[in-house]
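So the structure is just underneath, and the comments pick up after that.
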Amino acid sequence: METKTPSSNFIKNIVAEDLASGKVKEVVTRFPPEPNGYLHIGHAKSICLNFELAGEFKGRTNLRFDDTNPVKEDVEYVESIKRDVQWLGFEWDGLFFASDYFGEMYERANVLIRKGLAFVDDQTADQIRETRGTLTAPGQESPYRNRSVEENLDLFARMKAGEFADGQKVLRAKIDMASPNVNLRDPILYRVVHAHHHNTGDQWCIYPMYAYAHPLEDAIEGVTHSICTLEFEDQRPFYDWVVRECEMKWVPRQYEFARLNLTNTVMSKRKLKLLVDEKAVDGWDDPRMPTISGLRRKGYTPEAIRAFCREIGVAKSYGIVDERMLEHFIREDLKLKALRTMAVLQPLKVVITNYPEGQVEWLDAENNSENPDMGHRKIPFSRELYIERDDFMDNPPPKYFRLFPGNEVRLKSAYFVKCEEVIRDSEGNVVELRCTYDPETKSGSGFTGRKVKGTIHWVEATHAVPTQFRLYEPLITDEAEDDGQSFLDHLNPNSLEVLEGFVEQGMKDSVGGDKFQFFRHGYFNVDPKDSAAGHPVFNRIVSLKSSFEV
Ligand code: ATP
Ligand code: MG
């Protein structure tokens with residue numbers, strides 16, 4: 001399957017035109033996360049878009065924390081976001097915090113007040129909401145809308161000085177309560193919040209609203225192309241109003257693209273935080289999470305994520321991307337890179353009765369059958385082995401070519417073995433197989449005497465490394481749209497399966513982040529958190545096959 005080269009997108013065309021016409025001299029973009037959670041794969045799309053766009057035109061990209069909401073934000077999130085952006089392979093030019101601009105934002109609000117374009121409102125949040133009108137009916141003007149400039153300046157200064165309680169007063173823009181665009185019906189600019197801020201501490205007790213702060217942040221930084229998701233399209237008139245009426249020197253422009261949605265997951269920090277807080281997962285980096293840190297821990301590479309983001313491109317319309325497409329890109333990335341080894345996830349003991357006791361021979365095995373450059377390794381073989389429990393059946397259905405009483409199979413990279421006897425416990429469960437091997441059939445010996453239909457994998461017992469395997473299914477399989485918390489009631493109870501088995505002795509010292517392809521099982525990553533020296537734990541990244549074509 002071939003991967004397409006980065007597709008041209010409409011934002012790229014706009015940037016190219018703006019540079020050609022001289023409207024901008026250098027393209028400046030920004031990635032502006034709110035530090036209220038860990039980044040997810042949707043953010044990766046925005047990161048790739050902003051950094052690659054500026055990179056392609058030799059411009060700059062800032063990482064800016066949109067930290068205007070102290071109650072939900074935290075330095076833990078700031079640090080995780082920086083780590084994730086860097087891990088994806090991007091370097092920011094400037095590192096900024098919206099909170100660094102609180103002083104200037106306050107001054108600009110005073111400019112608005114002096115121009116008669118902002119007023120202090122004493123109505124409650126409920127009253128303001130109730131008088132906003134609807135899409136078809138205009139809103140009602142606040143009874144406080146015609147306060148004098150002097151009174152507004154005084155009240156706003158007293159809001160800042162801490163004279164009012166949370167919710168007691170807000171600063172609102174004075175635009176048009178009858179505007180067909182609801183966002184222009186005297187939107188709130190500032191509210192009183194007595195809360196500690198992760199960056200500015202207790203310096204402020206009034207905080208700017210996102211819609212007011214964001215255009216100012218872009219203007220202060222000289223951002224040329226402010227790229228955001230489509231829900232902000234209706235905010236664009238207000239964005240332009242703020243830049244114009246606050247008399248900002250630099251005029252940034254906002255462009256919108258469709259946000260990424262994936263099947264079988266939730267994609268909002270708020271919902272992901274609920275999963276963490278409700279302990280439905282093992283933290284933000286649980287491999288079942290669509291967070292960048294979760295994908296990394298599961299075993300995704302930055303290359304695979306970037307290739308995925310390029311492939312989905314930049315559209316103006318909504319769509320849900322099949323998660324199998326993301327899986328396609330990690331398979332593609334690891335196909336020729338990952339060592340191909342054997343792991344037994346659910347072991348069944350096999351004794352080769354005609355193999356000399358105490359003897360160990362070292363067999364040749366290819367490291368990657370599709371990439372000869374990866375060379376060969378030696379794997380031990382002896383009288384005792386483990387095979388996969390479901391590679392044996394007492395009463396096989398037709399076309400079952402693996403082991404059953406009297407049947408012969410090939411052990412990958414080793415010999416033909418034949419099942420001679422089945423050992424059971426007192427309850428009749430199969431606990432061991434007694435087999436014979438044929439020394440003539442050694443892999444690579446050119447043996448052509450007879451053929452067998454099945455090849456199974458195995459691990460030699462005395463050298464085998466006991467390990468834990470973690471297999472994942474989607475956290476959410478119910479694709480029904482829901483809002484609020486109800487998705488927590490529909491979590492897949494089988495999203496995590498933990499198995500205890502064995503890997504080849506050569507993988508004993510693998511470390512967190514090492515990636516392998518296990519014969520027949522798929523791609524696995526050594527868990528960076530739960531592995532200890534000599535005791536790797538493996539997370540399955542993805543199985544081998546997919547029905548999905550890009
Ligand atoms: P969430 O609801 O998950 O918190 P958000 O949009 O509020 O998302 P921000 O931290 O404000 O999160 O987002 C930073 C940037 O990432 C914004 O420019 C936003 O448009 C973009 N972004 C967020 N989610 C997606 C997504 N699913 N697809 C593409 N871009 C996204
Ligand atoms: Mg948000």
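Placement of Cβ uses the backbone N, Cα and C atoms for every residue, glycine included.
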Original post:
Among 33-43, 66-76, 121-131, 286-296, where does TrEMBL put the label motif ''HIGH' region'?
Top reply: 33-43
Subject >> Among ranges 81-85, 266-270, 321-325, 381-385, whichever one TrEMBL labels motif ''KMSKS' region' >> reply: 266-270
Subject >> Secondary-structure category, per DSSP, in which Asn36 (ATP binding site) falls >> reply: coil
**OP:** Find the average pLDDT over the domain 'Glutamyl/glutaminyl-tRNA synthetase class Ib catalytic' (26-334) in the predicted model and report it.
**Re:** 95
**OP:** Go through the binding-site residues Glu34, His43, Tyr210, Leu260 and pull out the ones with a Cβ less than 6 angstroms from some atom of ligand 1.
**Re:** Glu34, His43, Leu260
**OP:** Can you tell me which of Glu34, Ile41, Lys45, our binding-site residues, come within under 6 Å of ligand 2 at the Cβ?
**Re:** Glu34
Original post:
Rounded to an integer, what is the Cα-Cα distance in Å between Ser268 (ATP binding site) and Tyr210 (L-glutamine binding site)?
Top reply: 17
**OP:** Would you mind listing, in sequence order, the residues at least six apart from Tyr210 (L-glutamine binding site) in the same chain with a Cβ closer than 8 Å to its Cβ?
**Re:** Glu34, Asp66, Thr68, Asn69
Original post:
Per 10 Å Cβ neighbour count, which of the binding-site residues Glu34, Asp66 ranks highest?
Top reply: Asp66
Original post:
Taking DSSP three-state, what's Tyr210 (L-glutamine binding site) in: helix, strand or coil?
Top reply: helix
